[in-house]
Amino acid sequence: MGFITKAIPLALAAASVINGAEILETRAGVQTLADKYIVVMNDGISDKDFDSHRSWVNRNHRRRLIRRGAKAMGGMKHTYNFPTGLKGYSGHFDEQMINEISKRADVKYIERDARVQINAIEQQDNVPSWGLARVGSKEPGGTTYYYDSTAGEGSTAYVIDTGTDIQHEEFEGRATWGANFVDDMDMDCNGHGTHVSGTIGGKTFGVAKKSNVVAVKVLDCNGSGSNSGVIMGMEWATKDAQQKGADKAVANMSLGGAFSQASNDAAAAIAKGGVFLAVAAGNDNVDAADSSPASEPSICTIAASTEQDSKADFSNFGQVVDVYAPGDSITSAKPGGGSQVLSGISMATPHVAGLGAYLIGLGKGGGPGLCDTIKQMAIDVIQNPGASTTSKLINNGSGM
């Protein structure tokens, strides 16, 4: 079993429509959060109209609480306003309030909020990592990583995850804390995010050894959070990247789950904002077309390979996969110092985010177009990649 941060979001199956606004129904077995919802506004709604809508929601919510005298619902919690136009909010509402919201002409759709969590960790001690050598070589079995000395200098990687140990020696002061949307502890008390960050920008384990890393925490110490919190992290990363130069930014999301329109729309908003986004295809050995945000076509979707250049047995597959990257038995940083070995789609994805940062350092340009560049540079070597799936494995073009 591999390792991936897994979101369990909403399906589009049998969506109901009330006065034009879809209330997306949940698939059997989905772990939803009681009375919690994500509301997405119509495309093109103005800031003024969005403010007016939220004021209406807050007024009506307060009136309902006073009128019914029942246990309090929390009301509106998060507000989303991506610079590329996606607007919405999440909150704690009763069914009657949600039905009222769905009747508004300015609402596009509503999803139930859902749990985000990490699957079991596969760990093996004292095993050398092979992923870096494979990225820098056209042949398997190498032990040396060949790369240009620019090494991603000037690029910034946003790691949307469990946080990052920014004091770890691997980052040499290049890692900073960005934002936290899940708890009040600005630290990685799980280890997943630090491992991912090390693969992107660590001095020893990183594909882009001189890149900057920004921690965006959306999952807690148990590797758990919510879709609404993850979307908040995506919005924050997009805005911060645009302030600092989106063409120099990449983002990594080693998380995913069943199809969610809100998750896909948020991922598309990152790409539209000019940020290269690498996302895990999924860790369930199924077609990734039903996974989110992996199924969003404007981002770069990653599957996991083994040291033998075959599909990892846990990796998702399918037409939505853009490239393969090393994901089995990968060594990287762990919180508090030192390293650990983990396997999963979570480990493959940062190889691609790191390669994106590396190419930015080489002056290859940034943004979602980097995915096409990476696919063009990839080598056709993956054995048994899965039905309707690319056999391309990433390569940094070093010529070795």
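Residue numbering: from 1, along the chain as shown.
Backbone N, Cα and C atoms are what each Cβ position is placed from, and that goes for glycine too.
According to Swiss-Prot, the protein carries these features:
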ACT_SITE  D161  active site, charge relay system
ACT_SITE  H192  active site, charge relay system
ACT_SITE  S346  active site, charge relay system
DOMAIN    36-118  domain 'Inhibitor I9'
DOMAIN    129-400  domain 'Peptidase S8'
CARBOHYD  N222  N-linked glycosylation site
CARBOHYD  N252  N-linked glycosylation site
CARBOHYD  N396  N-linked glycosylation site
SIGNAL    1-20  signal peptide
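Secondary structure at N396 (N-linked glycosylation site), as computed by DSSP, is coil. A separation of roughly 8 Å, to the nearest angstrom, links the Cα atoms of S346 (active site, charge relay system) and H192 (active site, charge relay system). Highest Cβ count within 10 Å among the recorded positions N222, S346: S346. For the domain 'Peptidase S8' (129-400), the mean pLDDT of the prediction comes to 95. Following the DSSP three-state reduction, the secondary structure of D161 (active site, charge relay system) is strand. Broken down with DSSP, the domain 'Inhibitor I9' (36-118) shows 30 helix, 31 strand, 22 coil. H192 (active site, charge relay system) has a Cβ environment of 28 other Cβ atoms inside 10 Å.
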